[in-house]
Amino acid sequence: MTRANLDKQPHEVAAMFDDVAAKYDLTNEVLSLGQARFWRRAVAEAVAAGPGQLVLDLGAGTGTSSLPFQEAGAQVVPCDFSIGMLAEGKRRHPELALTAGDATRLPFADDSFDAVTISFALRNVQETEAALREMLRVTKPGGKVVICEFSTPTWSPFRTVYTEYLMRALPPVATRVSSNPDAYVYLAESIRAWPDQAELAAKLQRAGWQKVAWRNLTGGVVALHRGFKAA
Ligand SMILES: C[S@@+](CC[C@H](N)C(=O)[O-])C[C@H]1O[C@@H](n2cnc3c(N)ncnc32)[C@H](O)[C@@H]1O
């Protein structure tokens, strides 16, 4: 069993995802109480890619987060640094162009993609701002970024209940449905340590993204941030 710490050494994070790959999507559905599908639809609407457009889905894991772009007729490149997640993705979706790569050193040329998106993965990247700069580098001028990540519930009573739900309920539930319950202890801890909506927006701006804005989903349990590369 591999447990990543909050200092997120990249090899520990990759090994942790290798361990959970087989049951990753099922565990997600159970722990998000079915909200995961709704969040994925919202990401696809925000990216709004269609035929003739090239989308990079970073930290794509098993490729589940890439499917809505393919369904919308865009060409999607799912990229991840966990070989276990990529192998599971290849088994389930052989048609996807799954690609191995590290978010902080992307194996793509400058100005390649119409849109770059990352769902539930930026939190796991050790150097957040390095990844945001790499995402900017590979985006075409005028192109966009959409980040889907756990965030801070806006209504304080709900925030308290949510934090209790996360810290207390998540690990015991994960023990029953996941192959690596420790990964879900890390999940709860990493959500608590993650910057709130305004702080993440500031990081995007510092990395060079323009017209940065966000939208809360499920009361701020998740936030979608977007930005544009200067035309
Ligand atoms: C929680 S999963 C999300 C998978 C998928 N995007 C989804 O929404 O289901 C996070 C993924 O980010 C990947 N990841 C974490 N750090 C990464 C990095 N530095 N470069 C590439 N992938 C990374 C992990 O390997 C893992 O597959």
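Here the Cβ of each residue, glycine as well, is placed from N, Cα and C on the backbone.
Features of the protein shown, as given by TrEMBL:
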BINDING   T62, D80, D102, A103, S119  S-adenosyl-L-methionine binding site
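Taking the features listed in TrEMBL, we show where each one sits on the structure.
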{"residue": "T62", "record": "S-adenosyl-L-methionine binding site", "contacts (Cβ under 8 Å, 6+ apart)": "A21, Y24, D25, M85, E88, G89, R92, H93"}
{"residue": "D80", "record": "S-adenosyl-L-methionine binding site", "contacts (Cβ under 8 Å, 6+ apart)": "F17, L58, G59, A60, G61, L86, G89, L98, T99, A100, G101, A121"}
{"residue": "D102", "record": "S-adenosyl-L-methionine binding site", "contacts (Cβ under 8 Å, 6+ apart)": "P10, F81"}
{"residue": "A103", "record": "S-adenosyl-L-methionine binding site", "contacts (Cβ under 8 Å, 6+ apart)": "L58, G59, C79, F81, I118, A121, L122, V125, A131, E134, M135"}
{"residue": "S119", "record": "S-adenosyl-L-methionine binding site", "contacts (Cβ under 8 Å, 6+ apart)": "W39, R40, V43, D57, G59, A60, S65, I147, C148, E149"}
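Ligand 1 lies under 6 Å from the Cβ of the following binding-site residues, listed in sequence order from T62, D80, D102, A103, S119: D80, D102, A103, S119.
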